[in-house]
Amino acid sequence: MKNCGDLVDNKSAIVGGVGDMYSEDSATLDQPITPWTISVASGYSLMRDPRYNKGLAFTEKERDAHYLRGLLPPVVLSQELQEKKMMNLIRQYEVPLHRYIAMVGLQETNERLFYRLLIDNVEELLPVVYTPTVGEACQKYGSIFKHSQGLYISLKEKGKILETLKNWPERTVQVIVVTDGERILGLGDLGCQGMGIPVGKLALYTALGGVRPSLCLPITIDVGTNNEKLLNDEFYIGLRQKRATGKEYDELLQEFMYAVKQNYGEKVLIQFEDFANHNAFELLARYSSSHLVFNDDIQGTAAVVLAGLLSALRLLGGTLADHTFLFLGAGEAGTGIADLIALEISEQNGKPIEENRKNIWLVDSKGLIVSSRKESLQDFKKPWAHEHEPITGLINAVKAIKPTVLIGTSGVGKQFTKEIVEDMASFNKTPLIMALSNPTSQAECTAEEAYTWSEVHAL
């Protein structure tokens, strides 16, 4: 049997990505070894490996070298022409979910073409492979499921998580995006069907961040679901039981975290994605000193929002300390953003972070977070309990606090009403309104509504 390295066309994108889109000019010794790169027994198997399949782009030389003669039509099509053909096909679908299914199908059969398509058409396809379409895809994941993507670790794997991780074919994983499916976007508990989020997020790591797909691992931790609709759905792909909590949950997560470190080393990044508030803060606090961890909802969203605020100051003038902030939503995103804003203000003015929190107010489902509620608050909300009379309802909080910046992270749509936006415009020359909840259907208001109701004064 010949060695593949001797048979591949030098202009090809086979074998570790020679001259491919990931800027890998040649195969290197540290690249993961996959069975077919050592010896190819069957071109038929090669065509069904999404990492190396090129479809009709296999050259004449490659078809001879890899036993592909007769398995493909005689024409050789360039990647450019295949990309054009695929985009024409996708554009024929009017329903976003149908476009999503087509893109997933491509990712499962021709990974290289999938990423080329996504990179070259990012503005058009980003809303397809991730938000807002991925939300509907997760809701219907069981119905549209065809092939497994990522790794599923359930309560059935307790005591065997390290063995389960070893079943994943790539040995040099550097980035893991993991969810337990309890708080998927603004859609709530979708259980095992939350896998669409890690898969979609890591597709962006590759397409937008240049991280090689073989270094990425999407994982779903399945501890059950409290979603009765899913439990009664004959096509649901997860455990049919209520969510495990307390000790059972903690032990499974602890085993998972240490198995990941043992299998992939201490430098592997573990991104917690769409965990419910009560677990998200706890996991970040518990493992931040022993593992390389990151929570996109708490830390990632905060970084993006802070960047937006600093950019807005170029138009508004002044500093962050000159503004009064009011949040609708005091969960992971809301408190994470508030924390980072307070930290940035402290960096700018040198004052203690506790003092700089005083101009940052949060509203949760029970109203304005104030000191009289402190005993009943979750720990991550307590730093935001300021001295003020109790207030219920966002509209009343806006009238009382008179914020210059209104930020929505509630996950509940249409909460920034016409009256609220008009009030913001009445005591601010240029009110800054950030409706951040997703998917789009859950946004507090649209940009058009903010502009119209504020008579184009809002930013």
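Every residue gets a Cβ built from N, Cα and C, even glycine.
Annotated active site, proton donor per TrEMBL: Y130, in sequence order. Taken residue by residue with DSSP, Y130 (active site, proton donor) is part of neither helix nor strand, so it is coil.
Positions annotated as active site, proton acceptor by TrEMBL: K201. Using a 10 Å radius centred on the Cβ of K201 (active site, proton acceptor) and all shown protein chains, the other Cβ atoms total 23.
N438 ((S)-malate binding site) carries neither a helix nor a strand DSSP state and counts as coil. As annotated by TrEMBL, (S)-malate binding site applies to R183, N438.
For E273, D274, D297, the entry in TrEMBL reads divalent metal cation binding site. For E273 (divalent metal cation binding site), the same-chain residues lying six or more positions away in sequence with a CB closer than 8 A to its CB are V177, V178, T179, I197, P198, K201, N295, D296, D297.
Residues or ranges marked as domain 'Malic enzyme N-terminal' by TrEMBL: 107-288. On the 0 to 100 pLDDT scale, the domain 'Malic enzyme N-terminal' (107-288) averages 96 in the predicted structure.
Per TrEMBL, domain 'Malic enzyme NAD-binding' is recorded for 298-459.
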Protein Cβ atoms within 10 Å of N438 ((S)-malate binding site), excluding its own: 21
Local backbone state of R183 ((S)-malate binding site), from DSSP in three classes: coil
Residue with minimal Cβ packing [other Cβ atoms within 10 Å] among the binding-site residues D274, D297: D297
Candidates Y130, R183, N438, namely the recorded positions, that fall within 10 Å of D274 (divalent metal cation binding site) by Cα distance: R183
Check: same-chain CB within 8 A of divalent metal cation site center, minus E273, D274, D297: T179, R183, I184, I197, F272, F275, A280, N295, D296, E332
Reduced DSSP assignment, D297 (divalent metal cation binding site): helix
Integer Cα-Cα distance in angstrom, Y130 (active site, proton donor) to N438 ((S)-malate binding site): 11
